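Enquirer: Quick paste from TrEMBL:
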BINDING   H386, H391, E431  Fe cation binding site
DOMAIN    207-553  domain 'Biopterin-dependent aromatic amino acid hydroxylase family profile'
REGION    57-110  region 'Disordered'
Amino acid sequence: MMAVAAAQKNREMFAIKKSYSIENGYPSRRRSLVDDARFETIVVKQTKQTVLDEARAKANEDKLPQEVQQTVEDQDNDEEEIRMVAVDDLPQKPEEHVPSANDEDKETDAGLTEEEVVLQNAASESPEAEKEVVRAAVVVRLRDGMGSLGRILKAVEGYHGTVVHLESRQSRSEGVAFDVLIKVDMARSNLLQLIRSLRQTQSFGSVSLLSENNVNVKAPWFPKHASELDNCNHLMTKYEPDLDMNHPGFADQVYRARRKEIAEIAFAYRYGDPIPHINYTETENKTWSAVFTRVKELMVKHACSEYIAVFKKLEEEKIFVNERLPQLQEMSDFLRRNTGFTLRPAAGLLTARDFLASLAFRIFQSTQYVRHINSPYHTPEPDCIHELLGHMPLLADPSFAQFSQEIGLASLGASDEEIEKLSTVYWFTVEFGLCKEKNEVKAYGAGLLSAYGELLHAISDKPEHRPFDPASTAVQPYQDQEYQPIYYVAESFEDAKEKFRRWVSTMSRPFEVRFNPHTERVEVLDSVDKLDTLVSQLNTELLHLTNAIEKLRQPFC
């Protein structure tokens, strides 16, 4: 358990821990969900490089053994990540290093890879951790053929390790005869020494250490339990009333103070707390009433049937009433009863990765502040009226709730480029999606259902309507200052889900995840034991379903 905790702690060094807002050097104006995802990519690279530089400096200070140069840039350019699950996943050989004038200075650098940083930091936790035997995999490229294999085995024996698995294949890299995958049990400190020793042997093309388990250490940290969403509240600045003079509340000091007050309440929220009750003012309730009345008028003709059905149910339960804003807690309780979704308060517009991650747990992070009274029918940023009228009704629909969760699950551990694509798919579906219903185009996107001007534009003949296809939708540029020129139309929610599943299966993430509703935990399906357990559970459920079908087929007595 200590080893797992240490490895996890070191992996989290590569996670982004700072807010992606203006203080980190990114402009506050004119930002979109995809703009933010791209900014995250930059911050990830900077953070990762800083961590590696600090670890290498520490390694040099501690006079760790000199290792053959293998730079982080070479590792990042190697698109085929090394993994333990199959020898066919071995990467191609990095490009040969071209000597330069700076090589003399570089020779003082420990040259640690990310995996070695994790291993070194785990070993430095304590003397016991340093000597603890771990199982790791090493990939060695043999230049001179299988005759060099004996040297490897002898070196493993010399460092008091045990070979538990060995595979080889003919290499696809020029100048290399064979690729060999060796799994060993060895003390952490000896493992680092072994790698250094192997790299000093000229007959080996390269030596690569794999992570301590079969989840790639280079995958970004992501929450495994709903409680870890407490760490997923990074905000992006966009049209903040304190920062953007075009915001309708920029010159209203009372409104700005109110926004700050509600934001502080959200920042203080922690998993398991009751959602804070907001005593909305007469002005805020008046703003809600104006938008609520207009949406109710338009939805009958332009909203999809699923939205209308839940809207009416919310009215029947007195959650949607004209004279007052609903509280997030009562809305969260309603969603839990219908689809298992719940809400947690957010202080503002979250980063793409953080927001999508919450959907994986069937949790929607919702703002609690209200748009300015001077602009009731349009808001330059999400507010609770947008969340309540736009998102909540469809989150109470089982099919749409499932689709939203699948987007969230696909985002966990996804690359930065894939987060951009998922953000774009989310934009054109959950925010601005259209669907067919009895040969008519209806709206299901929250951005349409809570902004009547764009709703009327979207269902008119002015914009272009394209069939929903995730692959093309994911790379379609968009902007959020004006009405969209392009909208994607799904045949149905079920059709959209099926197309989305097929598209997600092509993503590069080297593992699959599932959400366990009993533990509120996301499980990484990275071992045969976990898959065996899941198959057993599914078989039990299939047995119950088969029995139910047989009973229904029996004639009545």
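Note that Cβ sites are derived from N, Cα and C of the backbone, with glycine treated the same way.
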Enquirer: Quick check on the binding-site residues H386, H391: which one has the highest count of other Cβ atoms within 10 Å of its Cβ?
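Expert: Answer returned by the neighbour count: H391.
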Enquirer: E431 (Fe cation binding site) has how many other Cβ neighbours within 10 Å of its own Cβ?
Expert: 21
Enquirer: List, in sequence order, the residues of the same chain other than H386, H391, E431 whose Cβ lies within 8 Å of the centroid of the Cβ atoms of the recorded Fe cation site.
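Expert: Counting only non-site residues, the set is P382, E387, G390, V430, G445, A446, G447, L449, S450.
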